[in-house]
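As given in TrEMBL:
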- Cys2: active site, nucleophile (ACT_SITE)
- Lys609: active site, for Fru-6P isomerization activity (ACT_SITE)
- 2-221: domain 'Glutamine amidotransferase type-2' (DOMAIN)
- 291-430: domain 'SIS' (DOMAIN)
- 463-604: domain 'SIS' (DOMAIN)
Amino acid sequence: MCGIVGYLGGRDAYPVLIKGLHRLEYRGYDSAGIAMVSASGELNLYKSKGKVADLERFAESKDISGTIGIAHTRWATHGEPNDLNAHPHYSQSKNLALIHNGIIENYSVLRLELESKGFRFRSSTDTEVIVYLIEYIMQTNGVDLCTAVQLALHQVVGAYAIALVAKDNPDQIIAARKSSPLVVGIGEGEYFLASDATPIVEYTDKVVYLNDGEIAVIRRDAPLKIVDLDNVEITPEVKRLAMNLSQLEKGGYPHFMLKEIYEQPQTLYNCIRGRINVEGTNVVLSGVIDNRDKFLHASRIIIVACGTSWHAALIGEHLIEDLCRIPVEVEYASEFRYRNPVICPGDIVIAISQSGETADTLAAVELAKSRGAFIYGICNVVGSSIARATDSGSYIHVGPEIGVASTKAFTGQVTVLSMLALTLARLKGTIGEDKFVRMVQGLQAIPDKIKEVLDHADAIADLSKIFTYAHNFIYLGRGYNYPAALEGALKLKEISYIHAEGYPAAEMKHGPIALIDAEMPVVAIATTDSIYEKTISNIQEIKARRGKVIAIVTEGDSVVRSIADYCIEVPRVEEPFAPLVASVPLQLLAYYIAVHKGRDVDQPRNLAKSVTVE
Ligand code: AGP
């Protein structure tokens with residue numbers, strides 16, 4: 001997510017703004033910038049791709065004077081991370097500078113209108129349209145900055161948190177919010193502005209959280225003024241910060257991993273937004289539509305990935321073969337890159353990577369490209385190496401994933417793979433209209449289904465206490481739930497350090513069942529599906545050997561409940577989407593066991609968030 005910082009008061013603004021950007025680095029970003037009205041009345045703006053440290057190096061030799069300014073870290077969602085697309089953005093005259101967090105959905109219409117009036121844009125961002133529009137309104141209506149902002153925001157459709165400064169008024173910052181958070185910090189004779197309280201907490205504990213549709217008029221040596229878009233004044237509700245810096249970075253959660261588990265309803269809504277229509281009768285993954293001929297004539301699809309992304313790939317294999325009738329092979333990227341694979345013309349290679357920087361996956365992509373395959377990426381980080389190496393792709397749009405153990409990225413990858421399979425099945429005509437609509441609506445409902453699962457988190461926390469001291473775990477699943485079992489086992493082993501293995505449930509009788517005794521906890525994913533009865537038989541085999549069974553079941557299940565030792569219920573969903581709801585209790589189970597064991601949940605030993613070396 002983008003980060004916003006502003007300052008107006010008696011201090012030099014630059015150090016406050018830069019420190020504030022550092023405080024927001026945890027949110028993830030790919031470029032940074034700053035704008036200040038200098039002591040000599042210049043509106044100086046410095047910005048660069050890369051880290052805040054890169055911005056500091058860029059600004060070293062520049063005029064960084066002034067006691068008013070705004071600053072920004074950008075997490076690119078649309079438009080490559082580069083110097084031009086970084087914020088702040090000047091207005092055409094360079095008398096205004098603006099920063100923005102959010103998405104302006106009607107920016108292209110507004111841009112065309114302004115271009116028809118002679119405006120020439122410098123970047124390809126939606127943000128620049130806002131500041132040009134504000135200046136246009138000031139010039140044509142002869143109104144002040146605040147009024148121009150009000151009039152402009154009446155024309156804007158989308159989500160925004162904006163802040164802007166004017167060259168000819170070094171005593172005022174205007175800020176506004178709709179759907180993207182903004183906080184005003186009130187100090188002694190000074191004001192702070194930020195996306196959250198982390199850049200503010202060290203200076204003051206008095207804050208005002210802006211609400212949707214509100215505009216903050218921050219003026220030197222004057223009380224904070226808040227108005228709505230119709231200039232109706234609103235009394236600021238001043239609150240006292242109760243959290244410390246570390247708690248604030250995690251949004252009040254004890255760990256980033258737990259925060260990211262709880263973000264999943266919203267992140268999957270963001271992933272689906274603009275791809276499934278409101279009525280839930282159609283899904284359009286533009287990367288597939290734009291390359292329909294390649295996909296329609298694909299003789300085979302190979303999916304390369306590592307770790308959690310490889311588990312998502314297994315679900316993708318099942319989805320695409322089941323719905324689109326195209327042969328799919330899933331490969332560990334690290335194996336694929338060295339085994340001299342056969343790659344035929346007409347093959348499509350899908351590369352799945354949250355970070356977009358995994359060395360093995362990038363190498364697999366380069367190998368496949370060198371042999372003529374069409375490469376499709378499913379990444380989270382916009383402009384990442386793997387994203388840039390592919391011919392096309394779909395971003396999962398789940399926001400930065402900070403916890404080393406992947407959670408929201410996994411469900412985001414599976415959701416994009418589900419939309420890819422449905423889009424392609426519709427193109428190929430391999431799915432009937434009724435089933436297609438039923439599945440699209442089923443996928444559209446998943447964010448709310450995950451909310452229901454999260455409502456039972458306390459029961460899972462209690463259950464985890466029973467198994468904190470287990471030395472081994474086995475995770476079982478069949479069909480779509482087999483990869484979910486693998487993923488559940490990986491979650492547990494990588495953050496609790498307890499040995500855990502995932503298996504296809506039916507595979508147990510071919511050897512692993514020798515492991516079962518009263519000391520072996522077994523997690524069995526037994527949601528109601530087409531092979532439910534088979535899974536029940538597998539659970540009975542475990543129980544016959546005194547294994548302890550924790551079953552993930554569909555709500556209302558009474559059969560498994562009569563057999564298993566513990567049951568965790570998940571809502572009923574379409575069979576292919578069961579991993580999306582079943583993986584969440586397994587994320588929570590792993591998390592709480594690791595916490596009980598005192599592990600470093602967000603940064604487990606020996607692990608890195610992105611394995612950029614072999
Ligand atoms: C999963 O929890 C781990 N963080 C790890 O297995 C990860 O999924 C793997 O390294 C692949 O990373 P990527 O998706 O960024 O390529």
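For all residues, glycine too, the Cβ spot is worked out from N, Cα and C.
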Per DSSP (three-state), the residue listed as 'active site, nucleophile' is coil
The average per-residue pLDDT within the domain 'Glutamine amidotransferase type-2' (2-221) comes out at 94
For the residue listed as 'active site, nucleophile' and the residue listed as 'active site, for Fru-6P isomerization activity', the CA-to-CA distance in whole Å is 20
In DSSP terms, the domain 'SIS' (463-604) comprises 67 helix, 30 strand, 45 coil
